[in-house]
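Enquirer: TrEMBL lists these features:
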type: BINDING; residues: S34, G61, V125, H151, V152, D153, M222; note: NAD(+) binding site
type: BINDING; residues: D153, H168; note: Fe cation binding site
type: BINDING; residues: R232; note: glycine binding site
Amino acid sequence: MIEKKVSQGIISTYFEKLERNLDLDVAIVGGGPSGIVAAYYLAKAGLKVAQFDRKLSPGGGMWGGAMMFNQIVVQEEAINIVKDFDINYKPYGDGLYVMDSVESTSALLYKAVHEGATIFNCYSVEDVVFKNNVVSGVVVNWTPVLREGLHVDPLNIMAKCVIDGTGHDSEMCKTVARKNGIRLATDTGAVIGERSLDVVAGEEEVVNGTKEIYPGLYVCGMAASAVSGTPRMGPIFGGMLMSGKKVAELIIEKLK
Ligand code: 48F
């Protein structure tokens with residue numbers, strides 16, 4: 001009965017994959033470009049890493065380029081990362097390069113999973129596990145359960161480190177600060193909120209702001225800008241890639 005075998009194949013391997021990922025080195029919340037880059041380098045270093053995105057198609061804001069013109073721009077400093085992912089790029093002058101956003105996003109996703117990271121799509125992270133004042137895991141539920149407002153309890157996934165890669169909303173940082181009355185490693189102790197657009201400052205400061213923002217909780221990408229109150233930068237993606245690589249390096253150093 002091939003019909004039964006097809007279903008069995010999916011169910012048994014899916015639950016084996018889920019069980020294997022109940023205890024992680026790193027849980028990444030959000031499947032945007034910075035988080036995917038982090039997943040790739042963490043997996044490459046041999047760490048057990050899973051990434052959770054609430055959407056059917058992870059990739060965050062990279063698919064659509066700018067205003068759905070599906071090209072993106074990357075600066076010279078990030079080209080080594082682009083090469084690690086085998087993405088085609090064209091020089092455009094002034095130290096800038098252009099890339100196809102669909103090729104770029106799919107390459108990031110493919111290489112991260114191929115390197116050993118697991119991506120769970122349609123998962124919303126609704127909270128963290130908070131033990132002895134350390135962020136120690138994530139609390140997950142199906143996105144459709146949350147959208148429908150169904151009264152269904154979530155599951156817990158333990159992790160030595162959690163990365164907030166949720167983009168402009170910096171959801172994990174906000175949740176941890178609000179629910180536990182703690183101070184984050186920002187100037188005010190709270191999520192400051194991103195500032196208006198400035199490409200040069202935004203790109204530099206998103207990398208500077210990529211850090212352990214609270215014990216066990218790291219922040220990368222636009223979430224790092226939002227938390228530390230630095231400018232947005234628009235559809236230039238070098239800072240996102242460099243932020244993802246930096247957060248991976250910080251965690252590899254910590255867990256070594
Ligand atoms: O915003 P997003 O693309 O993350 P990023 O890595 O990159 C930002 C750029 O795309 C762009 C930019 C570049 O200059 O400014 O905006 O910071 O992707 C964030 C992902 O996180 C998912 C969301 O679906 C998106 O794919 N996400 C957000 N909150 C949750 C979540 C959550 N609570 N649980 C699961 N996924």
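Cβ atoms are placed via backbone N, Cα and C, with glycine included.
Because TrEMBL annotations are produced automatically, they should be read as predictions rather than curated entries.
For the listed features, I'd like the structural context: burial, neighbours, distances.
Expert: In this structure, V152 (NAD(+) binding site) belongs to neither helix nor strand by DSSP; it is coil.
Sequence-distant neighbours of D153 (NAD(+) binding site) (same chain, 6+ residues apart, CB-CB distance under 8 A): N141.
Under the DSSP three-state reduction, R232 (glycine binding site) is assigned to coil, being neither helix nor strand. Annotation for R232 (glycine binding site): spatial neighbours H168, E194, R195, S196, L197, G202, M222, S225, criterion Cβ-Cβ under 8 Å with sequence separation of six or more.
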Enquirer: Using a Cβ cut-off of under 6 Å to any atom of ligand 1, determine which of the binding-site residues S34, V125, D153 qualify.
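Expert: Going through S34, V125, D153 in sequence order, those close to ligand 1 turn out to be S34, V125.
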Enquirer: Same-chain residues six or more away whose CB lies under 8 A from the CB of G61 (NAD(+) binding site)?
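Expert: Correct list: G32, P33, G167, M222.
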Enquirer: Report the largest Cα to Cα distance, in Å and rounded to a whole number, among the residues S34, G61, V125, H151, V152, D153, M222 that the record lists as binding NAD(+).
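Expert: Output for NAD(+) binders S34, G61, V125, H151, V152, D153, M222: max Cα distance 32 Å.
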Enquirer: Taking 10 A as the limit, how many CB atoms besides its own sit near the CB of M222 (NAD(+) binding site)?
Expert: 29
Enquirer: Quick one: give me the count of other CB atoms within 10 A of the CB of V152 (NAD(+) binding site).
Expert: 11
